[in-house]
Amino acid sequence: MIRKYTTKTDALTTILKRKASETLDVTDKVREIIEAVKTNQDDALKQFSYQFDQYQATEFLVSPTEIKQAFELVDPALVEVMKQAWHRIYQFHEKQKNNGYIMTQAGQVMGQRVLPLDCVGVYVPGGTAAYPSTVLMDVAPAKVAGVEKIILITPPDKEGKVNPNVLVASQIAGVDQIYKVGGAHGIAALAYGTQSIPKVDKIVGPGNIYVATAKRLVYGQVDIDMIAGPSDVLIIADDSANVEWLAADLLAQAEHDTLAQAILLTDSQRIFEQISEELQKQLANLPRKAIASQSIENNGKVVLVENIEEACQIANKIAPEHLELAVLEPFAYLGQIKHAGSIFLGHYTPEVLGDYLAGPNHTLPTEGTARFYSALNVDDFVKKSSYLYYSKTALQQQITAIAHFAQAEGLQGHAQSALIRREDEQ
Ligand code: NAD
């Protein structure tokens, strides 16, 4: 049963307290896997593929024949939906593209170039479910950024087959190569390279605790996007909201996994009273009932707030991954929200719109990290490089100042590098 609170009687700290997301520490185990892949490359990949995925690997690269077969297996209507989703997601991300700039003044030119990463690895989970939507979301900003080579890895089943929806989504998104390998060993392969799998510059994409830990451990060798924890939603609802829709939205989140978090903040006594019963009613028909009910039990909360302003203040403290403003005038409150990964405005904008096809990215900061992280975006796939030119005259005007600064820092060699160019010394 979902836990109920009122801000009048319950301390905010109780309301905001969240169960530790992951107590399992697999760092030592994952470090061993990474070391083995670094040393023994494909041999280690084959051993771990058999150990963790029961796949007796002879080949990791997905062949053109396998891709062709995938298109024969996937419902053409779904292919069409994925194409439309790709178009919308791509268009949304195109707006994020930043150009470099240039500044010029007497004898000086300086600027900043924005350059795409050469090669990116996208991890697509393949353990308990397959996520073609994640393919589209993680590849779109990389493509818009202009990344030359996009490698995708995903774990296969024990026959070495990869989910056909994932393969089709990869083709729609223009992935260059797909490898059937997953888990921590797949991440290690992307970070260090093996005989079969090219080394990349950055690894993005969600995964289980082994994948997340491996990403954390290879950070520095390569860049990573973020460490994704369990998903969460926070819904702010006023009395204009439909309690059935609210329950459906909470359950859509809860069915992700037992650690997912679904919170409802409402100033409506009616909704506060009716939500538990409605959740029970809808849970009964949910195929993933076992997961969703445990998630609601563990982390679900309904809070009766004084007003929507108070709800917005609480939301900023929680910094949710997804925030739904299920209120009559959602735009009136948008300005009050400072910390949220992605915001969904009004009764006809459920979070699932954003999960699949509206345009904004669904790879979002979890566990309160929306205070300092952003949704996956085009800037994640570029780096910035500055450049500088001074003419002879322009440099002469700065030599004394440079030398002054360098000497203050005790770096005579630095000072000399400027002084040696002084006109009257040449
Ligand atoms: P996964 O691909 O992340 O992990 C499966 C792989 O883990 C296996 O193929 C195996 O290689 C490895 N593994 C399994 N047991 C292991 C062990 N004991 N030791 C070492 N390696 C082991 O797939 P998953 O397990 O289904 O997890 C996917 C996760 O990604 C879920 O938590 C899901 O909620 C999350 N997810 C998040 C988003 C998002 O946008 N935030 C989207 C999709 C999925």
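Using the three backbone atoms N, Cα and C, a Cβ is placed for every residue, glycine included.
Per TrEMBL, Zn(2+) is bound by Q253, H256, H414; the candidate from D157, D176, D201, D355 named for the same site is D355. When TrEMBL records S231, Q253, H256, D355, E409, H414 as binding substrate, the matching candidate from H93, H185, H322 it lists for that site is H322. Close to ligand 1, meaning a Cβ under 6 Å from one of its atoms, is not one of the recorded positions H322, D355, E409, H414. Reduced to three states, the DSSP call for D355 (substrate binding site) is helix. According to DSSP, Q253 (substrate binding site) sits within a helical segment.
Cα to Cα, E321 (active site, proton acceptor) and S231 (substrate binding site) are separated by 7 Å. With every protein chain in view, the residue among the recorded positions H256, H322, H414 whose Cβ has the most Cβ partners within 10 Å turns out to be H322.
Residue pairs drawn from S231, Q253, H256, H322, D355, E409, H414, the listed substrate binders, are separated by up to 57 Å at the Cα level.
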